Each structure stands twice: as C-alpha cells, then as structure tokens.
Amino acid sequence: MTIIASAPGKVILFGEHAVVHGSHAVAAALSSLRVFARLEPRSDNRVRIELLDLGVWWEDETSALGITRARGEAPEPPPSSKKPNGRALELARRLEAPLVAVAYLCAELCDAEGATLAVKSGGLPAGAGLGSSAAVAVACAAALCVGATGALRKDVANAWAFAAEVVQHGRPSGLDNALSCYGGGVVAVRRGAGLERNTLEIPPLKLLITNTRVARSTKELVAKVAAEFEAAPGPVRRLFDAIDTIALDFASACRENRVATPFVARLVRLNHALLRALGASHPALEAVADMATEAGAPATKLTGAGGGGCAITLLHDAEGIEIADDKVRRLVQKLRRRGFDCYQTDLGGPGVRCYDDDDDDEPPGATPFDDDDDDKKKNGSSRPHSSSLAVMVAAVVLLLSFALLKNRAGSAAR
Ligand SMILES: Nc1ncnc2c1ncn2[C@@H]1O[C@H](COP(=O)(O)OP(=O)(O)O)[C@@H](O)[C@H]1O
Ligand SMILES: C[C@@](O)(CCOP(=O)(O)O)CC(=O)O
C-alpha cells in the first residue's frame, strides 16, 4: 500500500526569532505551496530515502538503523525532550545533513521489514524562510505514522515532526511544524516545553512574497540571534518585547475585525526594523524593500529566519490603498529581472493531508511524483512501456510465421 502525504509551508507575519525566546508570533499556512512524501512498504529489511529535489538518496538495512519493531506493532510515543536522542546524534554523525531528520523519523517510525520514503516539493522553495524543513518533517511523519498505525493522528504527527525539527535546527519554536500540520492562521507563544496556539482568522491581506534566493540556514540564524541575546540580554529582551507587542496588537486587531492596512503597514515596517537590529536581515532583503517602496508599497519585512530567503510586501500604499495590478506586475518583473522569485498566494488553508491506495473519497490528485513517472514513460524506461513493446514484437513475429507456414502449405498443395 503506497501512502502519500502532503504538508504546506507557512509565512510568519510577525514575531520570528522572538518566538524562540518566549514572545508571541502570528503566522499562516501557505496551503498551495506544499511538500509531498511517498511511503512504499517493502519486505527486504531495508530502508531507502530519496530526496528527489536535492538528488540525494540513501539506503541501508533496517537493523543498521536499530529498527526492531514488527509490522503492525505500534511505534513508541514521540519524545517530549527538546534535545536530540542518542539515535539522532548517531545519524547526524553518519549522514549528509538533509538526510538526518528524515532518517531519524524512519528509524523511529518504520518497521523492521523496511520501506522506501521519497520526498518532493510541490512548489515550496527549500531553505527560504517558508518553513520547508518543517513541511518535510510533517509530510514524512504523517506518511510514516499512517504506515505504522493505519490512521493519521495530527497531534502525533506534529509531535514527531517537532522532534525531527529539534534534530535539524537544535532550537525550533515549534511554530513551523504546527502550521504545516494544522493549517490556518495562528497566534502562538511558547509555554514550557510546548507551544500554545490560538486559531486566528487573518483577513485576506494582499501580499507579495519575494524569494531573494540567497541561501541561508535557519539553524545558523537562530544561533546568531541567540548569541546576540546572550551578549546583550537587556536591550535584546526589549527588542523581543517590542516584537511581542506588534504580534499581539495585530492579533487583537484581527479578533476585533479592525485591521486597517496603514496600521498593518506600520507594524510590518517596525517588525522588519527590529529584525534588522537583531542581525537577521541581508542586503538582498533590503533591496526588495527599496524596490517595493519605489513601486509605492512601503511596507516590507523579512519572513522566517532571514539572512536571505524571503520577504513579504504589503501591496498597499502609505494611505492603505491597494496597489493596482499593473503596478504589481511591473514590480514583479523588476524583482524577477534582479533574479528573485515572486509568489502571490492566499494565507491559511488546510494543513497536512494523507492518502493511501485504499482511500476512495480523497484521491490525491496530481502529485509532483507524477512528473517523475511521466518522465520515465517519456524516456521509455518504465516497465509497462517496455513490456507492451515486447508483446507487440512477439505478435508481429507470430503473424509473420503464420503467414509463411500458410504460404508453404499452399505451394505444397499446388
Ligand atoms: N524539498 C526538500 N527535500 C528535502 N529536504 C528539504 C526540502 N526542502 C527543505 N528541505 C530540508 O530543509 C532544509 C532547509 O531548512 P531551513 O533552513 O529551516 O529552511 P526553511 O526556512 O525553508 O525551513 C534543507 O537544507 C533540507 O535539509
Ligand atoms: C526564526 C524562526 O522563528 C522561524 C524560522 O522559519 P524558517 O525555518 O526560516 O522557515 C525559528 C523558529 O520559530 O523555530
């Protein structure tokens, strides 16, 4: 039984970095930008991981991953610790970085008979601040949980995805995996070991997401801001507090249905200035802000960890009037000429989804894995194509032999 799970990225409107240190953040899922995971159980006691976008794969015996669980036996519950366990640390020593979190999930959730787990993006850019690592973790955790227990329990998949994020990032807030798992919009804050989330109805803001395509790592940026905090706890705490107030003010405005765009624009600009003060901006992000301001949209902020990656621009002028579509088109063309990617997509929408072969009511529709299958067919390397060719050749040979025999029999009778 093949299982396919998909999980969305997210956009943080307010509160990144500060959320790691106990402040509030507001964020929404990006349900049209997703990552897909495909799980195929096998019975040769091997685990194979294919990260198709990165061209990275890895295969080993299940015993080498320390997997002893029999098929059908429920896996252990997810760990509550915020530190990677010994198994994860051992994998981190052995494997290339992008494989570690996925291999960790396989080690914890696969059974000893083995499986192949493939990962492919359905449009979500990797490492750009839109929560790709969390989306990978959620999609893989969901597929593996369904493989192990036959049902998708979002709380369990989310807890495993968080554990994988701990392995990948060291100190995640848990915001990215929660949005990827549950979808929608939230205002969230860390409480003890967990994340307190409250659903937030975010009004349909006209936003442009620009990916500077400057590579960066969430882990490094979170560590950089943490170092800043350690070096100057007093002032940096005040920056976090200011960000906290921004997130809470926006959340109150949403709840009270009084989201005025000039007010949102002010919050966006302030939050970006605070993130810049924390050292999370990058010249390419500042260039996006300048180009958007020139086009009449003065409110841009980095989103996610920063240091490159994505920025969000509120497509409204200083008075709150929506920027006309042709002006937006010109801005997008200019940003693209500069080498940036642009997205305009709705906020919120469904979180993780899972389908299996037996699912009648929820067909997966097109998945990015279909492109691979199509390519295989086009290149003539797929089994159905080559076997039908063989059948056709055999049929022609048979017909020719039959005609030859008939011809010979006819001339013998004459
Ligand atoms: N499509 C993908 N396939 C495999 N791994 C991915 C994919 N997208 C993201 N990742 C993993 O997530 C990492 C990026 O995580 P991170 O720096 O947190 O960026 P983001 O801001 O997108 O979450 C990549 O280096 C890789 O390990
Ligand atoms: C910087 C941070 O607040 C968000 C990181 O988002 P991303 O991984 O860049 O998509 C870290 C976190 O919340 O775990």
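Cβ coordinates are placed from backbone N, Cα and C, and glycine is handled just like the others.
These numbers come from a predicted model, not from an experiment.
Per TrEMBL, the feature domain 'GHMP kinase N-terminal' maps to 101-184.
Within the domain 'GHMP kinase C-terminal' (265-324), the DSSP-based counts of helix, strand and coil residues read 25 helix, 11 strand, 24 coil. As annotated by TrEMBL, domain 'GHMP kinase C-terminal' applies to 265-324.
Annotated region 'Disordered' per TrEMBL: 353-387, in sequence order.
Here TrEMBL flags 356-374 as compositional bias 'Acidic residues'.
Among the features that TrEMBL reports, transmembrane segment is placed at 387-405.
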Task: Composition by DSSP (helix, strand, coil) of residues within the domain 'GHMP kinase N-terminal' (101-184) - done: 51 helix, 10 strand, 23 coil
Task: Mean of pLDDT values spanning the domain 'GHMP kinase C-terminal' (265-324) - done: 97
